[in-house]
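A.B. asks: Marked as transmembrane segment by TrEMBL: A:21-44, A:79-104, A:116-134, A:146-167, A:188-213, A:259-280. As annotated by TrEMBL, domain 'ABC transmembrane type-1' applies to A:80-276.
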Amino acid sequence: MSTKIVQGVPMPGWPMRIFKGLVLLVFCAVVIIPFVGVISTSVAPNKQINESGGLVLFPKSVNFAAYESLFAGGVVTQALFVSIFVTVIGTVLSLTVSCLLAYALARPSFTAGRPILLIVLFSMLFSPGIIPTYLTVKGVGLLDSIWALIVPTMISAFNVVVLRAFFMNLPNEITESARIDGAGELKTFTYIVLPLSKAVLSVIGLFYAVAYWNAFFSALLYLNDSKLWPLQLVLRTYVINDTQLGSAELGTELLPPQASIQMAILVVSIVPILIIYPFLQRHFAKGVLTGAVKG
Amino acid sequence: MLQRSSLLRRSKTGPQQQLSLGRRLLRDRVLLLFALPGCALIIVFHYVPLLGNVIAFKDYQPYLGITSSDWSGWANFSVIFNGDPAFLRALKNTLILTCLQSVFVFPAPILLALLLNSLFSERIKRIAQSILYLPHFMSWVIVVALFQQMLGGSGLLNNYLRSHDLATINIIGNSELFHVLLTSQIIWKDTGWATILFLAALSQIDSQLYEAASVDGASRMKQLWHVTLPGLRGIIILLFILRLGDSLTVGFEQIILQQQAVGRDVSEVLDTYVYNNGVLGGAWGVAAAVGLVKGVVGVILVLTANKVAHIFGEQGVYQR
């Protein structure tokens with residue numbers, strides 16, 4: 001009797017392999033089916049949605065009426081602009097601030113490096129709590145401002161630690177030689193360090209972007225004015241709480257069934273993540289691990 | 001001779017030590033400028049709120065502000081010490097959820113990682129990983145909405161049952177199943193992603209150990225027990241310590257989103273208690289007191305668990 005040996009482990013028999021495959025298939029289906037259902041329903045014809053009573057897995061035909069009504073300039077269009085603004089501006093600011101801090105902390109000769117590093121590390125140990133954070137944001141005058149969605153969460157200590165670990169791993173000779181050639185800190189940072197760190201910058205940037213795009217509670221907490229609502233809050237109001245979206249909110253007379261509008265809102269908030277997901281995926285295992293090992 | 005050795009010593013410590021602190025700060029002014037914005041943000045939005053916890057000891061009135069409000073000693077903590085029913089309800093739900101999460105959410109990624117790791121086809125493994133990691137990047141709003149669409153009254157499951165003349169199951173909005181629902185949502189969202197660390201640890205295990213074990217006649221189960229699990233022990237303990245420190249944090253956004261549907265009896269946890277009583281209810285001092293106790297207990301739990309890990313000879317989160 002000969003069993004095939006792979007990496008020293010004997011191949012399991014067929015029943016075991018089929019069983020494992022089935023388990024994995026079920027897991028993957030449970031993850032994928034909701035997405036398929038939501039996307040299908042958002043483009044399915046009205047008649048089919050009414051017949052099924054809600055969700056449709058296989059649309060008989062495709063129409064984009066729901067999306068047309070969403071982008072007609074009403075509540076959802078507005079929220080989409082808020083979310084895009086917060087995500088783009090927030091990510092740029094977060095990356096800038098985090099990289100500058102991480103670079104300074106990565107320089108072994110930096111005089112104030114030790115105390116500042118401790119400030120960063122200790123902030124990870126203790127979370128200050130909802131109430132004092134709310135009062136601080138109120139105190140700085142950010143309440144009911146779109147900046148309340150960006151500034152309080154602009155820097156993540158964890159990301160700073162990951163970036164610092166990466167910068168410290170860059171070969172010292174490169175930055176040394178730049179300095180000998182007369183480059184100051186700013187020049188070394190922008191022309192030498194940043195171009196060498198594209199991989200880690202894209203991972204951290206994407207993590208920040210996902211966090212900004214997904215932020216829901218900060219909007220609920222800090223914004224009363226529904227004009228400033230990001231997509232996630234609109235999603236909660238009109239999809240989870242099932243508030244009716246009328247022509248007044250949508251800004252159009254064209255009204256597809258609620259179910260397909262709701263699913264279209266969901267799709268609009270999911271698609272950006274699906275788009276950046278492949279880029280994220282290429283790097284994230286590496287990014288997460290550097291953090292875990294060095295953090 | 002003496003002179004020479006002292007000279008040597010000086011050159012060893014380098015020119016850095018000779019400069020005064022002010023001089024060195026002046027030399028590093030660009031780096032200081034680099035560090036300033038990030039550092040300021042952390043101080044303003046982390047350490048200042050930390051100090052803001054003093055309102056737990058004050059009779060905080062919004063129109064007076066933090067500094068002008070009167071001190072009230074431990075009065076705000078009476079809900080905790082005297083066992084206010086609403087607080088006890090929140091504590092109870094928190095503890096139930098934390099137990100459910102430790103028992104069901106925590107081991108799930110370990111099992112999934114073992115399954116993924118035992119696949120022989122790299123390609124299937126990669127495809128499965130791509131699919132299973134995806135839910136982690138969805139917001140709680142999306143996850144809750146997806147669960148509604150799948151399991152709600154007019155969701156996919158119940159529509160299917162109805163069309164086949166079977167009894168429908170009330171899952172969403174059913175207070176009896178709420179804790180189970182919360183737990184399964186977390187499993188759906190984060191199990192795949194959480195396998196990353198375990199898979200990394202599994203790939204670190206020396207394949208010679210497996211070879212040696214199989215030469216010695218160890219069955220696959222024995223190999224799992226004697227080679228694989230010991231290889232995962234460090235990371236499991238590390239993550240368990242972190243989990244323990246978070247044991248009073250059981251999912252805030254997730255619960256706030258679904259609280260309306262099931263009522264507070266089953267859905268109020270410590271974090272929602274703080275939010276509902278403080279931000280919505282205006283009992284700032286009491287809410288801050290509960291939040292503060294929760295934070296302090298969390299830190300104590302992490303430090304204790306870490307200590308225990310050290311006693312058992314494990315690395316833990318940090319070393320002294």
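Backbone N, Cα and C define each Cβ position, glycine as well.
Note that TrEMBL annotation is computational and uncurated.
Could you place these features in context, so I can see how deep they sit and what lies close by?
C.D. replies: When Cβ-Cβ distances below 8 Å are used as the criterion, the transmembrane segment (A:21-44) is approached by residues 54-64, 66-67, 259-260, 263-264, 266-267, 270 of the same chain, each at least six residues removed from its ends.
Here the transmembrane segment (A:79-104) has Cβ contacts under 8 Å with residues 110, 113, 116, 120, 146, 149-150, 153-156, 159-161, 163-164, 166-167, 189, 193-194, 197, 201, 204-205, 208-209, 212-213, 215, 228-234, 268-269, 272 of the same chain, all six or more residues outside its ends.
Residues 83, 86-87, 90-91, 94-95, 98-100, 103, 149-150, 153, 156, 159, 162-163, 166-167, 170, 174-175, 178-179, 231, 269, 272-273, 276, 279-280, 283-284, 286-287, 290 of the same chain lie 6+ residues outside the transmembrane segment (A:188-213) yet bring a C-beta within less than 8 angstroms of a C-beta in it.
A Cβ distance under 8 Å defines the sequence-distant neighbours of the transmembrane segment (A:259-280), meaning residues of its chain 6+ beyond its ends; these are 35, 38-39, 41-44, 46, 49, 54-55, 65-67, 69-70, 76, 80, 83, 87, 202-203, 206-207, 209-210, 213-214, 231-232, 234-235, 238-239, 245, 250.
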A.B. asks: Mind checking which residues of the chain, 6+ beyond the ends of the transmembrane segment (A:146-167), have their Cβ under 8 Å from one of its Cβ atoms?
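C.D. replies: Sequence-distant neighbours of the transmembrane segment (A:146-167): 82, 85-86, 89-90, 93-94, 97-99, 101-103, 105-106, 117, 120-121, 123-124, 133, 136-137, 140, 193, 197, 200, 204, 207-208, 211-212, 215, 218-219, 222-223, 228, 230, 287, 290-291, 293-295.
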